[in-house]
Each structure stands twice: as structure tokens, then as C-alpha cells.
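Following: one structure in C-alpha cells, then a few remarks.
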Amino acid sequence: MPLNKKVLAIVLAGGEGNRLMPLTADRAKPAVPFAGSYRLIDFAISNLVNSRYLQIVVLTQYKSHSLDRHISEAWRMSTQLGNYVASVPAQQRVGKSWFLGSANAIYQSLNLIHDANPDIVVVVGADHVYRMDFAQMVEQHVHSGAKATVAAVRQPLNMADQFGVIEVDQNDPQKIAAFVEKPASTPGLAADPSQFLASMGNYVFDADALVAALHVDAERLDTKHDMGGDIIPYFVNQGEAGVYDFTLNEIPGSTERDRTYWRDVGTIDSFYDAHMDLISPLPVFNLYNSEWPIYTRQSISPPAKFVRGLNNTVGTALDSIVSSGVVISGGVVEGSVLSNDVYVATSSRVIDSVLMDKVQVGEGAVINRAIIDKNVKVPAGAAIGLDPELDRARGFKVTDSGITVLSKYQEVPEPGEHERQLAAKNLHLVPNAVKAAADQYPEVRESVDKVARTHAAAAAAEASPGARVS
């Protein structure tokens, strides 16, 4: 721990995540499953634990049952050594209101800071995908003399309305000159006009300065009690806010390719794209870095199994993540992420999709560019993600980019003849993962083209039984 400072970490995990609906209809945003085996909150807590910060409180509020359960099962620390990951719900400790914002959540939980008596408080969000050594940020914070430090990452200019925007002091690149939360627009960086400096939602504070700022905020009438919207501007106005450049952070086992990976997965499209990042031949974010592991609750399900189906077709998975307990029985999975205990039946196809725990895919069904939440049963011959109007008519969400989303336990009607024919015609779709590989790696284009030709030939053979597939 740098400079022998005592550090308390606070994870803000009370968000509703409206932009991730319907995945957040029954759970808090940080509890949304990710990458087959994890929950979103696992990335924040793993980064803190790997940074050797082992006194962690998680502030929860919205539909927190599954989040609380996950924390209690996955994050058991050695309390005899004074270490803990504690889930703390809104308790109305100050007045009769629940948490009114991220700053108010900490204000209502000031007893946690008083009890721990830290020198430094690290405050992090719970819904981003990245690796970060917070000890390096704390070290800069202490040496800089700032009272508050904000972690910053470069983002495309058209995303300025989604983040807190940081302007650095021209005479001191580690000092914040201005901070605006989610402006309609902002100038680009001098070094790269196509980008701006965005807040990552991760902060380091001198503990006494944070407590004082929270008391000031609590007395104000013109506040939303928000860390980014109110507390950070308070420190900026005092001339006491610093910035930490995320590109300086060095993670053991990382490469230049993945070292500065950071994704806000707060929308359906960004959540989907982050999954597709993982299954590419050379993923931008490497889940397999054992020197900075991402921890989670370990499944008790048996290993995945690939077996022949009833008609002797071979169960296969290509360019995919397949988790414990998955059984692919004569079906084909390509460019997809399958969580625990998914079942894929004979002659079915799962393409460019994300399937969460215990989804069952019936015989001959086709799923394309979809996110399907837990415990959904897809009947035989069903077509999902092939016809947006059909999907909407059945109550599924379809994004503007064409991602179809099914909520937990959502019922999928038995398909009619038109839908069965639609599924049958698309049993040999070429996955986006195959197309992307051809664009990303010219040296494998020939083999990728061969895969595409094989898919096309197989489709033609089914349409004309006398045709030959080579």
C-alpha cells in the first residue's frame, strides 16, 4: 500500500440501469451477468482486491437481492485479518429518504468512513469492464497534493453527452481546470480533436476532504447529490482536483493491445459489443490474464459437453465462449457467449449471440444477434433475431442496431409455419465473427472465405437435396 496510507474502498452499486432494460428489470445493473461466468461488479471488486485494497463496502439500493447474494457467495474475505467486502443497503440513516444520488449514498453511509478511519477513500463505479491498479492512482494522488483525483480515459467526441468531461490545466496536466457532467457537446483534445477526456467514474479522495464536501453538498438546495455532477465540481472550484491518466496505468500480464481497455456497458448495444470483443481471434480485452485475475463465484456445474444429436449431427462451437454445464447436442454455436447450463439441441444454430444461464434452445431453432436472459426456453423451430417485426410482435426488445433482447423467464410462443420456414432458411447464416476475421486478419482471408462458401453450399444443398457440398 503506497506511503502506508490506510485506504477504504467504496463501490457505488445502487444504479437502476434503465438503458440496459430488460436485463435490469429484475436486478441491479452491477448484478447483470457478463462474459459467461461473471457479474459486472466482479471487475470493480477484482481490481480493488488485486490492488491490495481489502476493506471494501458496496453501497446497494435498487433490486439488490441477486447482487447481495452474489457478493456474499463470491467475495468471502478473511475477516480475522480485518479484510471484508460488505454489501450495505440504503438504511435511511439520515432522515427518511433513500439514497438520492451517488454522493448522498456516501453521505448517508458516513458511519462506514468514521468506523474505518481511513486516510484515503477510493470510490469506484460497479458497471464497467476494465483492469486497473488503483494503487498507482492513489500514489499519484498523494504525491500531487490534490484533495480529489479523477481517473480519465479518452473517448470519441460524439460520446461527450454520456460522460463527465474533463479539461486539464494548460500549465499542469495533472490538475483539472474544468469539469462538466454530460454536456451536449465539448471541444476535442488539442492532441486529437476527435477525442475528449472522460471521467471513468473512479475517484480518490483525502478522507477528511471528502467528508467535508459531502456535508456541504447535503446542505445545498441546488444539487442532485451526484459525485460527478456536484462533488467533483466542488473540488475543481476549490482548485483541489487532480486527474489521473488511465493510459499510465500498468497491469501485470497485459499488452499494449489490452492495457487501456475500458468499456462502459450501460446500453444494450455497448453490452453486446463488449461480448463480441471477447470472442474475436485476438480479443481486445484478455479474460485469461492470470497475473491480474477477474474473480467470481465458481459454478458447481460439470464441464461443458459437445455431443452428437438425435440425427447424428455433431455438436460444435466456434469462436465462442462456452461455460460450465453447457451441453451442445447436435447444434452449432458460432461467435457467441454461452453462460452456465445452456442447452443447444439438434440442428439448431446460435449465431453472434449472448445466452445467459439455463437457456434452452430447441431442435431446429435459429438465434441470431440476440441477448437472451436466464431461464428462457426457445421452442423447436423458433426464429429469433431474423425478423425484427416478428420479434417485436412477440414482445421482444429490438434495438435500432438490430439486437434482439429477451428478458429473464420470457415466454417464447410456439412458432407457426412461416417462422419455422424462416428458421430453416437461415440454418447456414455466416456469423459476423467469420466476416470480422476476414477484415481483421488478411492472412486468414482464404480460410475464412472457405468457411463462408461451406455455409452457402450447405444452405444450397438443403434447398436442393441433390446438390453436393464440397
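Heads up, the Cβ atoms here are built off N, Cα and C, so glycines get one too.
What you see is a predicted model, and the numbers here were worked out from it, not measured in a lab.
Annotation comment: Swiss-Prot describes Gly164, Glu181, Lys182, Ser199 as alpha-D-glucose 1-phosphate binding site. Within the same chain, the residues at least 6 positions away from Lys182 (alpha-D-glucose 1-phosphate binding site) whose Cβ sits under 8 Å from its Cβ are Ala160, Asp161, Gln162, Phe163, Gly164, Val165, listed in sequence order.
All protein chains included, Glu181 (alpha-D-glucose 1-phosphate binding site) registers 16 other Cβ atoms within 10 Å of its own Cβ. The number of other CB atoms found within 10 A of the CB of Ser199 (alpha-D-glucose 1-phosphate binding site), across every protein chain shown, is 25. Apart from Gly164, Glu181, Lys182, Ser199, the residues listed for alpha-D-glucose 1-phosphate, the same chain places the Cβ atoms of Phe163, Val165, Phe179, Val180, Pro183, Ala198, Gly228, Gly229 within 8 Å of the centroid of those Cβ atoms. Around the Cβ of Gly164 (alpha-D-glucose 1-phosphate binding site), a 10 Å sphere holds 23 further Cβ atoms from the protein chains shown. Spread of the alpha-D-glucose 1-phosphate binding residues is 10 Å (greatest Cα-Cα distance among Gly164, Glu181, Lys182, Ser199).
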